[in-house]
Amino acid sequence: MRKITTKDSKAEDHHHPSFTTNDEADAIDTEPPKSTCCTSASCGRESDLLAADLVVGPKQSSCCTPPKKDKCCGPSHQQESRNSTLAADLAAAPKQSSCCTSPKNNKCGGPSHHQESRDFEVTIGKDDAGNWKHACFQVDGMTCTGCENTLNAALQAHPSIADVKSNMFLSKSELSYDPAALTTADIIDVIQAAGFSAQLQHSATGNQACFLVSRQANSFDLEKDRSVINSTLDMRGVVAVDVIDHLPGYLVDVAFDPDVTGTRDITLALRSQGFTVGLVKDDSDGVKKGRNEMRRMRRLLIISVILVIPVVFLAFIFPHAGTSEVIPDLSARNLALFLLTTPIQLCVGAPIYRGAWNGLVLSRELNMDSLVVLSTSCAYFYSTLATIVAISATHYQAPEVFFETSAILMTLISLGRYLQALARGRAANALSKLKDLQSPTANLVVLDSNGDETVERIESGYLQRRDIIKILPSERIPADGMVVRGTADVDESNMTGESVLVSKGISNEVMAGSININGTLIVRVTRVQSESKLNDIARLVEKAQASRAPSQALADKIAACFTPFVIAIGFITYLVWLILGLQGKVDTTKYPSGVLALTFAVAVLVVSCPCAIALAVPTVIVVGAGVGARNGILVKDGGVFEDAAKVTHVMFDKTGTLTQGQFQVVDCLELGDADGHHSTYDLIATAASNSEHPLSLAVALYCGERSSQSLYLEESTAYPGFGILCRVQGREIRVGKVTWVFEGTELSTEATDFLTQAYQLGRSIVAVSSDQTPLMLFALADGPRPEAAAVVNHLKTMGLQVRVISGDHQSAVDHIARQLGIESTHAIGDCTPSDKLTRLTQLQAAGHLVAFCGDGTNDAPVLAQAQVGVALGAGNSGVAIATAKVVLLTNDLRGMVITIDLARQVMARIRVNFAWAFLYNLVAIPLAAGCFIPLMEDARIPPALAGLGELLSVMPVLAFALFLKRYQIPASLIKQT
C-alpha cells in the first residue's frame, strides 16, 4: 500500500458571511454583515477551535493571496471570506482547494471533476443534441389519463417542442424545446390554451439555482435592473445568467461552479446591490398549487352539495310539493329545480366541459369528460327545452322533466373526482415524504472578527461546498458531508431501510436526511442539498413514478377506444327503447317513449368508466416505486416491475456480491527479489493500491502494513477481468490473475504446490510479477454474506434458477457455491467481463429472462444487458449504478428477493385492477341499458344514480394500489436471516 504522509498545516482563517434564515423562504430581508477582510490581523492566528484545516489531500490556499482580479468569490468573499478551516485537533481529513486559487470557470475543480467522486447521480431530462433545452412545468387540472393525452397532444403539436412527458400523479409535464423559437412563457401559453394552468418549475442542481429577485427600490427601468443583475453576477465561478421577467420582479437562473461559489455568495452579491432575493425551492410552488387545486375542487363540491340537497328533496322526498304554477305551465317545483340545477351544470361542471372540448379539439379523442358532458347535457338541456316549449306553446302539456338527473350526476362525479384526487395524493406521497426528510435549516460554523467560533442558523438551501456545519443530537443532517470532529450514532433507516444505527467518526461520510441520535458532529459539506444522495433518491423515485410501463400503452389504447364504443352503445340503447316505446311494448305512462329512451341512454353514458382501465397501471407503479424506496430499493423505471415479475434466472457476481468483499491475505509465497533497491512490499503496495478490485485492495493493505516507503507510480493501466499493469520506479509490475501475470513463465514446484493447496481450500489467488519475472503469490479468503444462503434458498422457493459467475478461479467459485447451496453446474469461474456477457446472452437467447446482481465496474456490461440489472450498494461502483435498472442502497442481498417479490405483487395488483375494470363495465353497461328488465322489472340503474359509476369503478382500483403500501418483507426470509 502506498503510504499517506501527513503534516500539520498552519491555520488559514477563512470566514463565513453572516447569513440568517428566513421563515417564509421567499425573500431575505436581513442586511449582509459588515466587511471583515482576511487581513494580517486575523490570518495566520490560530483560534481555540478553528485553526487548522484537513491535512490529507491538496492543501487549501489562503484567502490572503487574492487572485489578480478583485472578484474572488463575490461579495461574500470581499466582505467575509468563507470559512473552510477546522480546529488544530482535527487534522485527519482531506482538504480542498480554496476558490481563491481557482481560475475563473475552473474546469479541473469544476462540477464534472467533483461529480466523479459521487456514489451515484441522477439526471432527469438532459438537453437534447444541439441547442434545445429541457424544462419542467407544474401543471394544474390534470385529473385523468385523458388529461395527460390532451396536454401531450397540445404540446407535441408545436414544431419547436419535443419529448413531452406528462404525469397526472405528479402534476408535471417535462419537455425539450428550441429556445431560439419560443420561450418558457410561450410554452405556458400553449398549456393554458389546452385548458390547464402551469408554472415553470425550477429544480436546483449542484451547479444551478433559481432566485426570485425583487426590483430595486424606486426603480422602474427594467433594462437597467437587468444590466445591474448581469454585471453583479459577473463574478468568479458564475458560468451563465438568465434573467426572466416575473412580476413584480425577476426570476434569475444562475449556472455556477460549485467548487468556487454557491447560492449564498450569489444571494449576497445581489443583495449588496439593493435587490431583495429569495431562493426558489424545488417543488415549493408545485406543492402550494396542488393544495390550491384541492381547495378549488373541494369548494366546487361543497357548492354542488348545498344546491343538490333541495333538488333531492323536491324530486324524491316531496315530489308533489310546489305544484302550483308560477306562470301558466311552469310550476314552482320545476322553476326551483331549474334555478338549483343550472349553477351545478354550468359552473360546477365547467371544468368537465372544458376537458371534453380540449380532448376533442386538441387530442382528437373522446374521453370520460365527453361521456359526462353528453349525458348530463342531454338531461339538463332536454328538461330546459321542454319547460320553455311548454310555457311558450298553447295547448301543450308540459312533459316530465328530470333536472335532478343532471344535478345529481354532476355532484356524484365531482365527489368521485375529489376522492380520486385524495387517493392519488396518497399514492404519490412517498416522494413528498422523501423530500420532507430534508432539514430546512443548518447550523453554520463561522469565525467572527475576533477569530472566535460561532454558529449561525441558516436555511440549508444556502449551504455551499466546504462549509462547516454543526449537527446536534436529534437533528437531521442537512447535507452530505464528512465528519471532521466528534462521534455519534446516526439513524440512516430513512435512506437505506436498515434499522441498525451506524457509528460515525472522523473521516466517515454522513448523508442528508439521516438523524444524529447522540453526540455532536462537526461536518464539512461535500455535496449541497440539491446534489445530495437524498435528492438523488427523490429524483429516481420521481422518475420511476412518472415512467410508463409497457402495459400502460395497452391500457391507453383500450381506454381510447372505449369512449366511442360506449357512445355507440348509448345511441343503440336510445333507438331500441324508442322503438319499443312507440310499438307499445313497454310502459310509457310515466315517461313518453322519447324521454324513456333518453333515460336509458343517459344511464349508459354515465355509468361506463374508461378511467378505471386507464388508471389500472399507473396507480400501482406509483405506489410500488414508493414502497421500493422505503425498503432501500430504487427502481429507475416502472417497466422494471414487469420484467422483474417475469424473471426466470438470477445471476450473481461472486466477489463483493455473494461474498462480503472483505478479503484478507491468509498466506503468501515470495518468488523473487526486488534487487535490494526497494522492498517487494513497497513495489506491490504502490501498484496494487491503484486498483478498485477488492482482491487488489486487500493485497495493497497487507503489503502497505509491511512497506517502508511510498514509491512513485509512473503509469497504470487496468485490464478488466485480468488485473492491473503499472510502472513503478522504472519497473513493469503486473498484479492480477495467475494465468495473465505469469503468462509464458514456467512456475517452480514450490509455486505449483502453493497454488494447488490454495485452490483446494477455495482461496482466491493474486499473482505479482516484476518485469515479467514472478515476484509473489497471495492466497486470500473471503466468506459469504450472512444473508446470502437464505437469499439463495428463498429465490429457489420462488421457482427461480440461481447462478454465480465470477472472474475468480473455478475452485474458489465452487467453494462459495457449495456453502450457499448453488449447484456446481451453475457455478462458473475464470470469466472475463466479455465471458459474463456471453453467458448472459446465451440464457436470453434460450428464452430466459435474467436478473443480474453485481457491484463492480466490470459488471456494468452485464448489468446493462440483463432484463433486470441490480447494483448492490449505493457506495460501490458509480458505473455499475449508472447502468443498472435497480439500485440497492444497502449491501444487503435481501433486496434482490424484495425486488422480485415486490414486482410480482405489483403485477398481481395490475391484473386485479384490469379484471375489476372490465368486470365492472361488463355488468354496469348492460344493467344501465335495461338488458335485465325482461328477467326482473326493476333491474336497471336510474340515470340520477348512474353518476356513482365513476366512484364505484375507480375507487377500488385506487384501493387495490394503496393496499400495496402495506407490503412487508417475506416472513420466511426474515426468519432465516
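Each residue, glycine too, has its Cβ placed from N, Cα and C.
Heads up, TrEMBL stuff is auto-annotated, nobody curated it.
What you see is a predicted model, and the numbers here were worked out from it, not measured in a lab.
Per TrEMBL, the features are as follows:
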REGION    1-35  region 'Disordered'
COMPBIAS  1-16  compositional bias 'Basic and acidic residues'
DOMAIN    133-199  domain 'HMA'
TRANSMEM  300-318  transmembrane segment
TRANSMEM  330-350  transmembrane segment
TRANSMEM  371-395  transmembrane segment
TRANSMEM  401-419  transmembrane segment
TRANSMEM  558-580  transmembrane segment
TRANSMEM  600-627  transmembrane segment
TRANSMEM  914-935  transmembrane segment
TRANSMEM  941-964  transmembrane segment
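Away from its own ends, the transmembrane segment (300-318) comes close to residues 333, 336-337, 340-341, 343-344, 347-348, 351, 402-404, 407-408, 410-411, 414-415, 418, 944 of its chain (Cβ-Cβ under 8 Å, at least six residues beyond either end). Counted over residue pairs 6 or more apart, the CB atoms of the transmembrane segment (600-627) and the transmembrane segment (330-350) come under 8 Å in fewer than three pairs, which marks the two as apart. If one looks beyond the transmembrane segment (914-935) by at least 6 residues along the same chain, the residues whose Cβ comes under 8 Å of a Cβ in the stretch are 555, 562, 566, 569, 573, 577, 600, 603-604, 606-609, 612-613, 616, 941, 946, 949, 952-953, 956-957, 960. Annotation: stretch 401-419 has the most Cβ pairs under 8 Å to the transmembrane segment (941-964), among 330-350, 371-395, 401-419, 558-580.
Across 371-395, 401-419, 558-580, the stretch most heavily in contact with the transmembrane segment (330-350), judged by Cβ pairs under 8 Å, is 401-419. Distant neighbours of the transmembrane segment (401-419): 143, 294, 297-298, 300-301, 304-305, 307-308, 311-312, 314-316, 334, 337-338, 340-341, 344-345, 348-349, 352, 372, 375-377, 379-380, 382-383, 386-387, 595, 599, 602, 606, 943-948, 950-951, 954-955; these residues of the same chain sit at least 6 beyond its ends, with a Cβ under 8 Å from one of its Cβ atoms.
Cβ atoms under 8 Å from those of the transmembrane segment (558-580) belong to residues 145-146, 149, 365-368, 370-371, 374-375, 586, 593-594, 596-598, 600-602, 604-605, 608, 610-611, 613-614, 921, 925, 929-930 of the same chain, restricted to positions at least 6 beyond its ends. For the domain 'HMA' (133-199), the model's average pLDDT works out to 84.
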